Amino acid sequence: MMSLLPLLLIGIVLPATQAKDYGKCELNQILRERGVDKVISLPELICTMFHSSGFSTETEVDNNNHKEYGIFQISSNGWCAEKQEDVERSVCGILCSKLLDDDITDDIVCAKKILQLPERLDHWKAHNTFCRENLDQWNC
């Protein structure tokens, strides 16, 4: 029985640091509270997030010579940094690995920086493919 105690403790601690899957209305509320609706149409953004990450914070995708991270699928190609020494040169000033946890506060800050650029949602391929029209299903 004593040998199971360390495994039990690991099982209790690990879920607190693991990723989270959000629902569309939960995300809608969080994004609205953080003022993202002042920057971009939430149905368009939520559709793009769904088709990019499935609303999962742990999504990590290899995309040719860079990776995309987290619920917003933020690219290591200039937006976030894969190495600590590159953080200051990245637009969002964050390690990409920090975009994979269940706290999406820093993800939202980074996404807002990207969304305020002229290309806005066009930085995400899923937006052009799936989220330009018929967005009623993404309302809450």
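Any Cβ shown, glycine's included, is placed from N, Cα and C.
In Swiss-Prot, Cys80 is paired through a disulphide bond with Cys96, chosen from Cys96, Cys110.
In the disulfide annotation of Swiss-Prot, Cys140 is paired with Cys25 out of the candidates Cys25, Cys47. If you measure from the Cα atom of Asp106 (Ca(2+) binding site) to that of Cys96 (disulfide bond), you get 10 Å. Annotation for Cys92 (disulfide bond): same-chain Cβ neighbours under 8 Å, separated by at least 6 residues, are Ile74, Trp79, Cys80, Asp106, Val109, Cys110, Lys113, Ile114. Sparsest Cβ environment among the disulfide-bonded residues Cys47, Cys80, Cys110, Cys131, Cys140 (other Cβ atoms counted within 10 Å): Cys140. Local packing around the recorded positions Cys96, Lys98, Asp101, Asp106 was summarised as the count of other Cβ atoms within 10 Å of each Cβ; on this measure the leading residue is Cys96.
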